[in-house]
2 protein chains.
Amino acid sequence: MDLERSPLALPFPDMPAIEGVTLRVGRAGYKNWDRADLTYAELSKGTALAGVFTRNVCCSSEVELGREQVKLGQARALVVNAGNSNAFTGYRGREAVEQIMAQVAHHLDCKPSDVLVSSTGVIGVPLPKDKAEAGIARVLDAPEVSYEDAARTIGTTDTFAKGATATAMLGDTKVILNGIVKGSGMIAPDMATMLGYIFTDAAVDPAFLQQCLSAASAGTFNCITVDSDTSTSDTVLAFATGKAGNAPLAGFDDAGADAFMAALHDVCRQLAHLVVRDGEGAQKFIAVNVTGAESDESARRVGLAIANSPLVKTAIAGSDANWGRVVMAVGKAGEPADRDKLGIAFGGVWAARNGLPLPDYDEAPVAKHLEGNEIDIDVDLGLGEGRATVWTCDLTHGYIAINADYRS
Amino acid sequence: MDLERSPLALPFPDMPAIEGVTLRVGRAGYKNWDRADLTYAELSKGTALAGVFTRNVCCSSEVELGREQVKLGQARALVVNAGNSNAFTGYRGREAVEQIMAQVAHHLDCKPSDVLVSSTGVIGVPLPKDKAEAGIARVLDAPEVSYEDAARTIGTTDTFAKGATATAMLGDTKVILNGIVKGSGMIAPDMATMLGYIFTDAAVDPAFLQQCLSAASAGTFNCITVDSDTSTSDTVLAFATGKAGNAPLAGFDDAGADAFMAALHDVCRQLAHLVVRDGEGAQKFIAVNVTGAESDESARRVGLAIANSPLVKTAIAGSDANWGRVVMAVGKAGEPADRDKLGIAFGGVWAARNGLPLPDYDEAPVAKHLEGNEIDIDVDLGLGEGRATVWTCDLTHGYIAINADYRS
C-alpha cells in the first residue's frame, strides 16, 4: 500500500554535522522494499548514552536489552532495522539482536553492550539472522549519509522524513542537538512504533543526560497520542559525543545546563509533534490544553482522555464544535473534575464556562477555526494550578483505510 | 441522517405482560422527529427499585437524582425523554427533571421521589419545560403500548428496538423478567448513552434487588464497549412489582434466589449484547475471552484494553488475524502479564502459545472464522485463575461516517 504524504507534513530542516557521529544506511532486505532498511550510526569513543522506553509489558528483546545498556551510560554504535519489529519472537529474536551487537562490537573493537539495536515492523517474526549479518557487513562499508537519509531509512509506514535541530550555548561553547524520529501510531499494517534518536556534541554525564531526557520526554513524547495504542518497541535514545569541548554537564546547577535542557526539550517537542503530524489518516493537528487541574499529572490524564476519545477525534475531523463530547471525555478520565466548574474553548473562544453553555457564545469564529488544520481545545477544570498540553490528530476514514482495508 | 438497520440486529422477542407494569408512549417534540419521544411506565404500588449509573463525573441531573431515589428503593413511574440528554445544563436542567417528577407524582398521588426520569440526546441544552409538561399531560392519557413500542421510543440513533425476556421458577411461582435497552456507543451526532430498564413481577426486597442488579451488571453491562467513550447518562434500572405473589426474596439463601439471579443475569447479558450489536458502524460482534489472569478484575481490564484498541478493532473489520495487535493491547493494559506465557487464539485456533507463534499454526480456518460476523478472540495470560469475557464490535468506515461526516 502506498501512502500519500501527510497533509500536515513539514519540510526536513537543515542539520549541521555533529562531530563524533557518522551515519550510514544499507539494505538487509527484511521486506520486499525497494529502499534501504538498515541504519547505522557510529559514535566516537566516550559518547554518553541515555534512553526512555515503552511501558508495554510485551516489549521486544531490543527494548529489554536497551534498558540494561542505558544503565551503563555509554554507546559506540546504533543499528536500526526497519520492516521487522522482532517483538514476540522469544529466544530466537534475542539471539538475532545479540548477533548484531557482537558483529558491530567486533568491527569497532568495543563491548557488545556499547551497540544499541532497535527494530520496528512486523510483530511475531524473528529477525532473520542471515539477512541481518549480510546487511550489517554491507552497511559498515557504506558511504556516509545525511540525517535526512537516516530519518527516511528508520521509517516504516511514515509518509515523510522527520527531524529537528537546536543549539545551546554552554558558557562560550555552542553545542548542537540533532534528532530524528519515526512513527505514526502504534502503526499501520503490522508495523509498530515510535523510535527517536537525539545526537549532540555536548559533553554530558550519562546520569545527567538520562535525567534530562526523562524530563524532556515527560512533557513531549509522553504527551502525544495517535490512537491510544502503546507500541511494544517505543524507544528514544540520546547520544552525547562530548566533542564540543564544553565542561561536562553533570547537574542542573552547572553553567549551561538550563540552556542544554531547553534545547533538548525543544528538539523532543518538535520530534513528538512530527509523529502526530504523520498520524495515520491525520488531517488535523490538535493541541489539547488543560488548566485548573489538581496537578500537572491529573491535567495530562484528562488531556489524554480527550485526545484518545474517538468521539472527540471524529468531531474534529468533521469540523464540529461538539463540546458535549469534550465534557464526556473529561468526565470519564477518572480524575478530579467538577461538572459545574468546567469551561471549554475552541480556538480560544469559550463555548462553556462554570458548567454552562455561554449564552453569548459565538460559533462563527469557532467554525472558522475548526475548518483549519491546526486545532486548539482549551479545557479549564477550575480546581487548581495543574496544567498540561497533549497533542493528537483527528480520526478519519484514512485511519480505517490504513488499518482495516488492508490484509497483512 | 437516516441510519441503516445494523447487520447484526436481532428480532424483538415475544414478551408477556407483567402485572403491575403499564407502558405508554407520546410525543413531547424535543426534536423535529416524526415519532414518539416520550416513554412512560406506570408501576403498581409497592414496586421495588434498584439501579446502576454511569461513573462519568460530568453526569446529568437525572443520574444525580436517580442515585438518591435508588437508595429509597421504591418506584411508581418511569419517564424517559429521547432527543435531549439534559446533561451539562446546570440548575435549569435540574428544574426540568423536578417539574416532571412533580407532575407525575401529582397524577399518581405519590411522592416525587417515586418518579424516575431518564433523558438522552443532545448535551448542553436544558430540557424545555413547556414541551415536557405538555408531553407528560398527553402521555398520561395515551393508550397502553407493547414493550417493543417502548423500546423503540426510548431509542435515539438506535437502528433497531432492543429487548430481552426470561422466566424463573421461585418455588412453585413462575416469575417473568422483561428488559428493554437503548444505545449504540457514547453515541452519534450529539446523542448520548445507554439506558436499560428491567421489569419483573417477582417480589424482591429493594436492597436485594440492588445486590442482584449490581452483580448482574458487573459481568454484562460493564463488560461491553463500543468506542471506550463513557456516557454522561448511562442508567440501568430494575423494577419489581411483586405481583407474581412469591415469597419476597431478601437474600441469596432464599429459595428461588439463584433462579431469579440467573434469569436477571440472562436478561442483562442479552440486553448488553444488543447494544454492541447496534454499535455505530458495527459489522462484526466480537467476544474477547481472557483466561489465566491474576484475578477476574484484571482479566476484565485486559479484555477491555483489547476491545478498546482501535488497531485490534480495525484488524477485525478487515478480517485480519493480526494477533500482534492483540499482544500490543495486552501489554498496554497495565495489568500483570508475561509476554513469554501469553497465548492467543481466533475462533478457537491458537496462533501463539507461551509467547511464541505456533509453528503449525493453520491460518485457513482462522481466515474463514474472521470472514464471519461473530468473532471469538481467546487470550490466555498463563498466570492464574482470573477470567472475564468482554464484548465489542469492529471499527469501520461506518463509525467515522456517523460521527465525523455529519455536522451537529
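For all residues, glycine too, the Cβ spot is worked out from N, Cα and C.
Feature annotation from TrEMBL assigns substrate binding site to A:Thr156, A:Lys182, A:Thr193, A:Glu280, A:Asn403, A:Ser408. According to TrEMBL, the active site, nucleophile annotation covers A:Thr193.
Structure with TrEMBL features highlighted.
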residue	record	Cβ neighbours (10 Å)
A:Thr156	substrate binding site	25
A:Lys182	substrate binding site	30
A:Glu280	substrate binding site	28
A:Asn403	substrate binding site	29
Subject >> binding-site residues among A:Thr156, A:Lys182, A:Glu280 whose Cβ lies under 8 Å from any chain B Cβ >> reply: none
**OP:** Could you check what DSSP calls A:Lys182 (substrate binding site) once collapsed to helix, strand or coil?
**Re:** strand
**OP:** Please state whether DSSP places A:Glu280 (substrate binding site) in a helix, a strand or coil.
**Re:** coil
